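Report on the structure given below.
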Amino acid sequence: MEWKRGASLSKMKVTLSALDTFESSFTPLVVIELAQDVKDETKEWLKNRITMRKKDGGAQLLFRPLLNKYEKETVENQNLYLVGASNIRLLLGAEAVGLVKECNDNTMRAFTYGTRHNFKGFDDNNDDFLTMAERQFIIKHELENLRARDEKMIPGYPQAKLYPGKSLLRRLLTSGIVIQVFPLHDNEALKKLEDSWYTGFSLKYQPIDGIRGYFGETIALYFGFLEYFTFALIPMAVIGLPYYLFVWEDYDKYVLFASFNLVWSTVILEAWKRSCAGMAYRWGTLVMKRQFEEPRPGFHGVLGVNSVTGREEPLYPSYKRQLRVYLVSLPFVCLCLYFSLYIMMIYFDLEAWALGVHENSGSEWTSVLLYVPSIIYAVVIEILNRLYRYAAEFLTSWENHRLESAYQNHLILKVLVFNFLNCFASLFYIAFVLKDMKLLRQSLATLLIMSQVLNQVVESLLPYWLQRKHHVQVKKRVQALKADIDATLYEQVILEKEMGTYLGTFDDYLELLLQFGYVSLFSCVYPLAAAFAVLNNFTEVNSDALKMCRVFKRPFAEPSASIGVWQLAFETMSVISVVTNCALIGMSPQVDALFPESKTDLVLIVVAVEHALLALKFILAFAIHDKPQHIQLKLARLEFESLEALKQQQMKLVAENLKEEGGKEKEGGLN
């Protein structure tokens, strides 16, 4: 089997030049919505750039309006356009983006059009070789890589400046000419996925490969992690239940439970890395080459030349960004943290007031009143988290980070610090300042349960109800049309364009991280937390699936090989849990009674145990390899073959150069 990229590239040029980009009927994959007042010359220019041949600077895709000119006379004018591509164009695009597919010899290799018959499941007469998510990802890649050549501005919009190499789609979006670009649902494939995923509410494994085929690797990894984490919580829930029922006040007996918790948290996170590596290898993202990251759409600066790429792009001094981070963002975050602590102290005042009322009255009504401050505080925490999230997004965007990865890292850091303090500060204060274990249990239970209920309602149930109402309105509007149009496609596009945009897995991972904190940080005080988390996650799987399929627009697939920075966040939380659990056990009356004379000995023993458990955690993390042995071997083999291919290519070039020099010397001798 030969893997000659040069041959495939020449084949690509020949095939691309022969592609027809003016097919009147094609399967729409992506929708582009323009603003209502966009000028005709702008529409024509955009159409030409999308359908133009690659060698002329176009994307060579298929493009048509949702409604033709006769249909627009009887239907409200919608600036909606459909984008698709022929099967050959998609295959060539798969090579361009570096998609990795399984070969007939069971290895994973980067797909090339010239060697397409060497890949498992490929057939020239079969259009199912690429998944729907991969096809839409290719379309998105081609649209984003439409770049300005010699244009100085977008036709019809002199204020929308262009320069060579600027992404046209990003300029159109930031100028408000393009409202949105989104992939269409495939209703038949979606129905099949729903039937195997969440309809019926039965306990079953999720169709992770099916989710990946429809939504892409990033979302599939989230649902894979959610399922894995839920099943990993079951041992904690099973062991925690008898502790809750029989040894509630004997904190010294929680030593074994807390120790198991610490080992458990390490093992599940390390085992997840192995499971994740297996999925990523099977999907091809583990060996997918990382592409050079382009500037994010919101990045702005003075036009200059990038010293790495040599292309013109906005440049922004890093010292200005650092000044914004340290002189504005950091003080603002500290101010928000102070405000969060101030709200926490108000909560404790309410707790003291409710306790005083109950002690004076002693009625059943006042016993219920004891839970009211915790419920109010839990609601306030959720509101503050969401308000702060908007502020953090605005600040991080204002900091003007060049790369999307840098933007995400700064945003995640801001949000994690605030959410951690906002959600857990009161628990730490109760545990280590007030030293009131009964109040700690009550507060932990209330915060955990209320946060789970609020998240279910706000993230899934409420949006689904609103979406159902909108769906009914769209159906009535389409049924009232007298125009002879493709009502099914028209209804689908109109419905989907009004859906909310899924903003990524950030909030979903954050919810799981906070849940992990509630379970692990204070496990020796409230062992029932794991049981509540398991019950929540079984419904979370279904509500998140409903959200993805019926509430939000279909997101573009994003190749991913891991859960990224969230793995580090979970590992950090597990390290903090070692310290908190050891401290809580050391503070218990039973342990404290063992050292009546010297508290120094108690502190030293607790610190020694904590260090020993941390050492055990790191030993376990080192002993459990991130990738299974068989995947390590396959990756090593691929690396060896690529090095050999590179060596042969270099030897071939050397041989050609020597041959050319020898020919020149021979000619010189003859002369």
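Positions of Cβ are set from backbone N, Cα and C atoms, glycine also.
Automated prediction, rather than curation, is the source of TrEMBL annotations.
Feature annotation from TrEMBL assigns domain 'Anoctamin transmembrane' to 211-637.
Proximity of distant same-chain residues to the transmembrane segment (219-248), defined by a Cβ-Cβ separation under 8 Å and at least 6 residues beyond the stretch ends, is recorded for 205-206, 208-209, 211-212, 254, 257, 260-261, 264, 268, 272, 275-276, 279-280, 283, 505, 508-509, 512, 516, 519, 523, 526-531, 533-534, 537-538, 540-541, 544-545, 548, 555, 557, 560, 562-563. Summarising the annotation, TrEMBL assigns transmembrane segment to 219-248 (among others).
The annotation transmembrane segment is assigned in TrEMBL to 254-272 (among others). The list of residues near the transmembrane segment (254-272) in space but at least 6 beyond its ends in sequence, with Cβ under 8 angstroms from a Cβ of it, reads 225, 228-229, 232, 235-236, 239-240, 243, 247, 516, 520, 523-525, 527, 567, 570-571, 574, 577-578, 581-582, 584-585, 588, 613, 616-617, 620-621, 624, 626.
Positions annotated as transmembrane segment by TrEMBL: 325-348 (among others).
Here TrEMBL flags 368-388 (among others) as transmembrane segment. Residues of the same chain lying 6 or more positions beyond the ends of the transmembrane segment (368-388) and with a Cβ under 8 Å from any Cβ of it are 336, 340, 343-344, 347, 350-351, 353-355, 357-358, 415, 418-419, 422-423, 426, 442-443, 446-447, 450-451, 454-455, 458.
Using a Cβ-Cβ cut-off under 8 Å and counting only residues 6 or more beyond its ends in the same chain, the transmembrane segment (411-432) has close neighbours at 329, 333, 336-337, 340-341, 344, 347-348, 377, 381, 384-385, 388-389, 392-393, 395-396, 439-440, 443-444, 447, 451, 506, 510, 513-514, 517-518, 521-522, 525, 565, 569, 580, 583-584, 587. Residues or ranges marked as transmembrane segment in TrEMBL: 411-432 (among others).
Proximity of distant same-chain residues to the transmembrane segment (512-535), defined by a Cβ-Cβ separation under 8 Å and at least 6 residues beyond the stretch ends, is recorded for 225-226, 229-230, 233-234, 236-237, 239-241, 243-244, 251, 254-255, 257-258, 261, 265, 416, 419-420, 423-424, 427, 431, 437, 440-441, 444-445, 447-449, 451-452, 566, 569-570, 573-574, 576-577, 580-581, 584-585. Summarising the annotation, TrEMBL assigns transmembrane segment to 512-535 (among others).
Feature annotation from TrEMBL assigns transmembrane segment to 602-624 (among others). Distant neighbours of the transmembrane segment (602-624): 259, 262-263, 266-267, 269-271, 273-274, 571, 574-575, 578-579, 582-583, 585-586, 591-592, 594-595; these residues of the same chain sit at least 6 beyond its ends, with a Cβ under 8 Å from one of its Cβ atoms.
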